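I have placed the structure first, in the form of C-alpha cells, so that the comments after it can refer back to it.
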Amino acid sequence: MIVNFSFFLLLFVSVFVSSADSKATISISPNALNRSGDSVVIQWSGVDSPSDLDWLGLYSPPESPNDHFIGYKFLNESSTWKDGFGSISLPLTNLRSNYTFRIFRWSESEIDPKHKDHDQNPLPGTKHLLAESEQLTFGSGVGMPEQIHLSFTNMVNTMRVMFVAGDGEERFVRYGESKDLLGNSAAARGMRYEREHMCDSPANSTIGWRDPGWIFDTVMKNLNDGVRYYYQVGSDSKGWSEIHSYIARDVTAEETVAFMFGDMGCATPYTTFIRTQDESISTVKWILRDIEALGDKPAMISHIGDISYARGYSWVWDEFFAQVEPIASTVPYHVCIGNHEYDFSTQPWKPDWAASIYGNDGGGECGVPYSLKFNMPGNSSESTGMKAPPTRNLYYSYDMGTVHFVYISTETNFLKGGSQYEFIKRDLESVDRKKTPFVVVQGHRPMYTTSNEVRDTMIRQKMVEHLEPLFVKNNVTLALWGHVHRYERFCPISNNTCGTQWQGNPVHLVIGMAGQDWQPIWQPRPNHPDLPIFPQPEQSMYRTGEFGYTRLVANKEKLTVSFVGNHDGEVHDTVEMLASGVVISGSKESTKIPNLKTVPASATLMGKSESNALWYAKGAGLMVVGVLLGFIIGFFTRGKKSSSGNRWIPVKNEET
C-alpha cells in the first residue's frame, strides 16, 4: 500500500510539474504560400497568465534578431487570447526570403518610453521569447516575378514594364494582341542597389535594410495605337507571371483619361516602425473600379510624390508595389519625386532659405529606391554627391491624347538658371496646342495651399517667383500638387490673386489626399492663431479633408477634373476647363461616377436617383441654362477661337 501510495504521489507531482513547466507553442498553416497576398494562419497555445501586452512578431529573413521584426500584432486581437490560445490570419507579401513568427511576453514595467515608433507609441520589448514557429516559404520561391508595373517611354509606340525577382538570372517579357499568342518577346535588364548606397539610417541600418532583390526593366515595342496587348514576364527556368493586359497609348486619341493623386503610401496587415496608410486601400479599390469601367479605353495613373512612405524601411516598398500591382500592371503608373523619397541632410541643393525645409524625410534612402524601381521618360538626373547612384525621374513630359503632361521636382533646384528651369521653359514653349490643347503640370510641394504649412512658406514664394511666370506666359491649364494631405481647388490664379478676367492663369489643385492620414490644420484667423477658426480665403474655391483621388477626362474641347471621395466612391467636386480658356467652377454636390464605357467625356455627371418628373424638370432647366450659356460664350468668343483668356464662373464650397 505504501509503495502504491508513493507511486501515485510521484505521478501526481510529475504531472503537476510538467503542467507548470509547459511551454507555449506556435504553428502556421499552410507552411507555404503561392504568391503575395495569400494568407497564413498563425495559431498558438499554452501561454500562461496571458497579458494584453503579449505580442506576435513577424521576421524576414528568419534569422533576424528579435528586435529586427518587420511588424507585430498583439495577441489580444484573437477573441480567445485570455485563455492562453488563439489565432491570427495575415496576408503576406513575398520578400524573397522566408518568414518566421515569434511570441513574446511584455509587461508595463518593461515599457521603454524612449523606444517609440513613428506614432510615438512604445515599441514592444523582446526580453521574454515564449515560442517561435517553423519557417514559412513562398511556393513561387525567389525567382517568380512580382511587383509588375507599366510606364510610358520617350517612344509613343512602346510600353515599359518593370518587375522584381530574387535573383539576377535573365528574364523576359513576351506579348501580343491575343493572350493565346504572345509572339513577341524582349529581354529585361536586371539591376539592384546595395546597403552601402543608402546615405543614412534607418535605410542603411540592420533594422531598416532588407535585400531589395533584382529590379528588371524592359520595353514592349512596335505597338499599334489604342490596341489591347497581353503580356507576361519571367523565364522558362524561373517561371512566368500571370498574363496581364493594357491598352497601348494613342497620341492622336480624341479623349484622355487619367487618375491623379499624391501621398498615397500603402497599408500593411501589421504594425511596424512607421505609420502606414490604411486609406490607400480604398484609393486603389475605387481606381480599379474606374479602370475596369473604361473597357478598351486607354488611361494612365499619376502619383505625384510621397510614393510608398517607406522612409528607410525597405520592405515597405515591397508592400507598396504588391498593393498597386492590380492597377499598375494594367495602366501606366507615373510618378514624381517627393520629400519622403529623397530628402537627406547632405543633399546637394539646399540653399540657405531652404535649410529648414529640406530635412531627413527620406529616411536615408536619398532617392535610390525611387530612382531604380521606376524609369520615367526623359533622362533627368542629379548626382547625390555620395556612393548612391544619381537621382533619376526628376522632370519629364509626354503627350497622351489631348493633354500634355509635365512632371517637375520640388526637391531639387527649380530656380532660374538651373537645368530643370530650362527644361520646363523649353518644354512649355514647344507645346503644340492644336495637338494638345491642354497642359497639366505636376509637382510634389504646392505652390498654393491654405493649410497652415508655415515651414514651406519660402519654397512657395520661390515657386511663385520663378515658376509661375512660366505657367502664366505659356497658358498652363492645370497645376497639380501633393504634400498637403487634403484636397483643395483654387480659382484660376496668379500672384495669389483671382478676379473675373485673366489671360491664361492656371487652376491649381492640391491632391495629396490619397492615403497619408496626417493632416495639417487650415490657416487660422490671424487674430486667433490658437483657436480652431479657419476662414476660407477667397482664392480657395473648395477644400476638404476627405480622402480620395482625382479623375481627369479631356477631349479637344474640354478638360474635366473630378474629386472622388473614398468613403462613397462618388464625385464631390468638379471643375471644367474649356479649350477656349473658359474655366467653369464646379460644385460639392455629390454625383455618381459615370460608367466610363458608355458616358462620353463631354457628358454631364448624373446626380443621385430622383423621380422622373423632377429629373425632366431639371433637364429642361439645364437645357435653358445651356442655351443661354452657349449664347453668351458664343457672343464673347466669336472670331476669337485662338484666344487664351480665361473667364471664371465661381462657386465656392468647403467640406470639413
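Cβ coordinates come from backbone N, Cα and C, glycine included.
Summarising the annotation, Swiss-Prot assigns signal peptide to 1-19. Marked as N-linked glycosylation site by Swiss-Prot on the basis of sequence analysis: ASN34, ASN76, ASN98, ASN204, ASN379, ASN475, ASN495. As annotated by Swiss-Prot, Zn(2+) binding site applies to ASP306, ASN339, HIS444, HIS483. According to Swiss-Prot, the Fe cation binding site annotation covers ASP306, TYR309, HIS485, on the basis of similarity to another entry. Annotation comment: Swiss-Prot describes ASN339, HIS483, VAL484, HIS485 as substrate binding site.
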List the Cα distance (Å, whole number) between ASN339 (Zn(2+) binding site) and ASN379 (N-linked glycosylation site). 20
Identify all same-chain residues not among ASN339, HIS483, VAL484, HIS485 whose C-beta atom falls within 8 angstroms of the centroid of the substrate site's C-beta atoms; report them in sequence order. GLY262, ASP263, GLY305, ASP306, GLY338, HIS444, ARG445, PRO446, GLU453, GLY482, GLY512, GLN516
ASN204 (N-linked glycosylation site): tally of other CB atoms within 10 A of its CB: 19
Have a look around ASN34 (N-linked glycosylation site) and count the other CB atoms within 10 A of its CB, chains all included. 12
Residues near ASN76 (N-linked glycosylation site) by Cβ (under 8 Å) yet at least 6 apart in sequence within the same chain, in sequence order, are ASP52, ASP54
Additional residues around Fe cation, ordered along the sequence, whose Cβ is within 8 Å of the centroid of ASP306, TYR309, HIS485: GLY262, ASP263, MET264, GLY265, GLN277, GLY338, HIS340, GLY482, GLY512, GLY515, GLN516, TRP518
Sparsest-packed among the binding-site residues, when each Cβ's other Cβ atoms within 10 Å are tallied, from HIS444, HIS483, HIS485: HIS485
Across all chains shown, how many C-beta atoms besides its own are within 10 angstroms of the C-beta of ASN495 (N-linked glycosylation site)? 11
Which whole-number value in Å describes the distance between the Cα atoms of HIS444 (Zn(2+) binding site) and VAL484 (substrate binding site)? 9
From the Cα of HIS483 (Zn(2+) binding site) across to the Cα of ASN475 (N-linked glycosylation site), what is the distance in angstrom? 24
Rounded to the nearest Å - Cα separation of ASN204 (N-linked glycosylation site) and ASN34 (N-linked glycosylation site): 30
Give the distance between the Cα atoms of HIS483 (Zn(2+) binding site) and TYR309 (Fe cation binding site), rounded to the nearest whole Å. 12
Go through ASN98, ASP306, ASN339, VAL484, the listed recorded positions, and name the one with the sparsest Cβ surroundings, counting other Cβ atoms within 10 Å. ASN98
